[in-house]
Amino acid sequence: MLTFLSNLNNMIIMNDVPTPYGVYFQDSATPNQEGILELHDNIMFYLLVILGLVSWLLFTITRTYSKNPIAYKYIKHGQTIEIIWTIFPAVVLLIIAFPSFILLYLCDEVISPAMTIKAIGLQWYWKYEYSDFINESGETVEFESYVIPEDLLEDGQLRLLDTDTSVVVPVDTHIRFVVTAADVIHDFAIPSLGIKVDATPGRLNQVSALIQREGVFYGQCSELCGTAHSAMPIKIEAVSLPSFLEWLNEQ
């Protein structure tokens with residue numbers, strides 16, 4: 001029942017999961033994703049203005065010259081208009097590029113992480129290691145995460161998204177994800193957290209996240225990696241620090 005209510009909250013109150021025919025962003029839970037959404041919205045506004053301007057020009061020119069089919073035959077060259085349609089798009093691209101570069105730099109920057117989680121992609125599941133924590137037997141806390149088969153799904157669980165084991169993390173904590181793969185190229189992607197990083201064999205890629213609210217966040221492998229590519233979901237549970245420590249003691 002609690003699982004059902006939690007998923008209902010995520011789907012209705014917080015849009016943290018994919019929905020049928022959803023062509024929009026999921027609600028952000030990290031500063032990185034908030035920056036991505038803000039950049040997208042700002043760019044879309046100016047693109048709509050440009051679209052309206054270009055459409056108006058095309059309509060005006062078409063209407064004007066359709067009334068006088070002779071005029072365009074004597075217009076062979078227009079240096080002014082050529083300069084305008086060369087410089088104006090270049091300026092627009094520069095305006096878009098600068099905030100994009102700033103956001104890209106901030107997303108790649110790993111700021112004094114309080115903990116590190118290693119995510120290893122394999123065909124076709126994920127393996128996680130909490131490198132900073134050791135259990136009672138002196139081993140690193142680690143586990144594997146598999147998709148729950150359709151015939152074993154419980155009420156409120158999501159097809160091809162829920163897993164048998166979740167990655168539990170504390171909120172308001174700088175977390176570094178170190179991502180790699182053991183066989184082929186995978187991709188570690190969680191839309192609500194603004195995370196998307198390649199998992200490449202023999203290479204360690206890293207990305208940071210500061211989750212600002214509790215909740216359950218879903219992701220998937222976003223790189224075609226074989227026949228069961230769709231069966232590599234990612235499930236992140238963000239909880240309070242006391243709840244995280246309690247979970248950690250149980251491992």
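Placed from the backbone N, Cα and C atoms, the Cβ positions cover glycine too.
For His186, Cys221, Cys225, Met232, the entry in Swiss-Prot reads Cu cation A1 binding site. A 10 Å cutoff on Cβ-Cβ distances gives His186 (Cu cation A1 binding site) a total of 30 other Cβ atoms nearby, all chains included.
The feature Cu cation A2 binding site is assigned by Swiss-Prot to Cys221, Glu223, Cys225, His229. Within the same chain, residues at least 6 positions away in sequence whose Cβ sits under 8 Å from that of Cys225 (Cu cation A1 binding site) are Gly121, Gln123, Trp124, Val184, Ile185, His186, Met232.
Around Glu223 (Cu cation A2 binding site), the same-chain residues at least 6 positions away in sequence with a Cβ under 8 Å from its Cβ are Ile185, His186, Asp187, Asp198, Ala199, His229. The secondary structure of Glu223 (Cu cation A2 binding site), as reduced to three states from DSSP, is coil rather than helix or strand. Annotation source Swiss-Prot lists Mg(2+) binding site at Glu223.
Look at Swiss-Prot and you will find 1-15 tagged as signal peptide, backed by similarity to another entry.
What Swiss-Prot records for 16-42 (among others) is topological domain 'Mitochondrial intermembrane', and it gives sequence analysis as the kind of evidence. Tertiary proximity for the topological domain 'Mitochondrial intermembrane' (16-42) is limited to same-chain residues at least six positions away from its ends with a CB under 8 Å from its CB atoms, namely 7, 10, 99-100, 103, 106-107, 158, 161, 191-195, 209-213, 215-218, 238.
The annotation topological domain 'Mitochondrial matrix' is assigned in Swiss-Prot to 65-82.
According to Swiss-Prot, the feature topological domain 'Mitochondrial intermembrane' maps to 108-251 (among others), an assignment based on sequence analysis.
Long-range contacts of the transmembrane segment (43-64) within the same chain, counting only residues at least 6 positions beyond its ends with a Cβ under 8 Å from a Cβ of the stretch, are 92, 95-96. The annotation transmembrane segment is assigned in Swiss-Prot to 43-64 (among others).
Per Swiss-Prot, transmembrane segment is recorded for 83-107 (among others), and the stated evidence type is sequence analysis. A Cβ distance under 8 Å defines the sequence-distant neighbours of the transmembrane segment (83-107), meaning residues of its chain 6+ beyond its ends; these are 32, 35-36, 39, 42-43, 46, 50, 194, 207.
Taking the mean position of the Cβ atoms of His186, Cys221, Cys225, Met232 as the Cu cation A1 site, the remaining residues of that chain whose Cβ falls within 8 Å of it are Gly121, Gln123, Trp124, Asp187, Ala199, Gln220, Ser222, Glu223, Gly226, His229. Ranking the binding-site residues His229, Met232 by C-beta neighbours within 10 Å puts Met232 at the top. Reduced to three states, the DSSP call for His229 (Cu cation A2 binding site) is helix. The topological domain 'Mitochondrial intermembrane' (108-251): residue composition by secondary structure is 19 helix, 69 strand, 56 coil, according to DSSP.
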